[in-house]
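Student: Mind having a look at this structure? Questions to follow.
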Amino acid sequence: MSASNSAAAAAATKRPCDTSSLSDSTPPAKLQRSSDPPDGAIEESEEGGVEGEAMAGARNPRAQRYLVAVEYVGTRFSGSQQQPNQRTVVGVLEEAFHRFIGQPVSIFCSSRTDAGVHALSNVCHVDVERISKRKPGEVLTPHEPGVVKRAVNHFLQRNEGDIMVTDVRCVAPDFHARYKALERTYHYRLLSGPESTSVFEKNSAWHISEDLDIQAMKKACSILVGHHDFSSFRAAGCQANSPMRTLDELTVTEVFPFMFFPSSIERSEMESSDGSLVYSRIPTMESSGKQSYGSCTSSGKSEPENGKEFGTRLRHRCFVVTARARSFLYHQVRLMVGLLKSVGTGNLTTADVERILNAKTVTAAPPMAPSCGLYLANVKYDLSV
């Protein structure tokens with residue numbers, strides 16, 4: 001055995017992250033796709049669909065596998081998966097890792113997101129072999145997760161600054177970010193009101209000019225929760241083996257708008273409220289907390305027009321739809337949100353929801369919601385095993 005190989009073997013036995021598996025010198029084996037995946041977990045993409053990945057690639061026994069959580073604004077990404085001549089989440093991450101360790105890597109995501117879809121936490125895994133730059137061929141002790149996080153973020157911030165690593169863990173060599181996922185949660189933001197969307201909210205929510213009936217939307221949610229054939233919420237091109245899915249949660253909640261700066265009166269009301277939303281959609285308060293009314297005269301005072309002061313904006317009502325399941329069909333979440341919106345505006349009833357669900361064809365569903373309001377919120381794992 002050469003001196004360099006002896007050093008590499010010795011280093012592998014001292015690795016702090018996953019020493020038991022990394023010392024195995026047997027040839028790497030390919031990850032085989034299960035013939036009967038639990039609840040269609042393998043078909044997961046943006047909200048489903050077969051990713052062109054049947055395995056995580058041949059494993060290098062000298063490499064450390066890391067589980068990496070990332071957040072990103074999806075507006076300037078052409079989706080998460082690699083595409084020729086397109087800026088993608090995986091492409092940007094692979095470039096940052098390459099610049100960090102000096103060699104190419106392959107990134108595998110837990111969930112695939114389309115162009116414009118955001119992520120509060122998408123998860124991927126990557127194998128990193130730390131090679132000595134002074135002695136090529138010598139394998140060094142793997143980087144600690146905190147080092148990986150800081151280094152990769154350093155290079156990501158030199159890019160557009162719209163993606164960041166939020167967490168890194170060392171995992172076993174056979175841990176797969178996609179196949180090991182137990183649960184995925186998505187949020188969808190809707191803004192309701194006649195006022196045009198603020199530049200601060202652009203590309204972060206779906207603006208609905210009509211008022212939304214939240215109680216009707218809640219009833220519609222209760223119909224869709226459970227184990228169903230979701231063919232009516234399965235976009236063309238979905239390659240999932242089965243349309244059957246178990247929807248563990250589908251809720252709609254009114255929340256404070258993202259750009260919400262309360263007046264003094266509103267602050268006092270919120271402090272003494274019973275938990276319900278207490279705020280005015282017409283922000284006409286001065287800093288003193290007193291309403292400003294007057295006439296358009298030489299004194300400089302202005303008459304409020306349509307119930308609001310000059311220079312202020314009517315606030316939108318903000319709603320968040322939350323969907324949680326082990327896996328989703330392709331575009332399932334956006335199609336369900338499109339249905340809930342139609343129920344909220346009164347264009348459809350709860351009876352229509354049952355009819356569309358039972359129709360088992362996507363042509364029965366209303367148009368799906370745009371990508372800008374969708375957020376992959378969380379991917380759940382059991383990291384104790």
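A Cβ is built for glycine as well, from the same backbone N, Cα and C atoms used for every other residue.
All TrEMBL annotations are machine predictions without curation.
What you see is a predicted model, and the numbers here were worked out from it, not measured in a lab.
As annotated in TrEMBL:
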{"type": "COMPBIAS", "residues": "1-12", "note": "compositional bias 'Low complexity'"}
{"type": "COMPBIAS", "residues": "41-50", "note": "compositional bias 'Acidic residues'"}
{"type": "DOMAIN", "residues": "69-179", "note": "domain 'Pseudouridine synthase I TruA alpha/beta'"}
{"type": "DOMAIN", "residues": "220-382", "note": "domain 'Pseudouridine synthase I TruA alpha/beta'"}
{"type": "REGION", "residues": "1-58", "note": "region 'Disordered'"}
{"type": "REGION", "residues": "286-308", "note": "region 'Disordered'"}
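Help me picture where these features are in the structure shown.
Tutor: The average pLDDT the prediction assigns to the domain 'Pseudouridine synthase I TruA alpha/beta' (69-179) is 94.
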Student: How do the residues of the domain 'Pseudouridine synthase I TruA alpha/beta' (69-179) split into helix, strand and coil according to DSSP?
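Tutor: Secondary-structure breakdown of the domain 'Pseudouridine synthase I TruA alpha/beta' (69-179): 29 helix, 29 strand, 53 coil.
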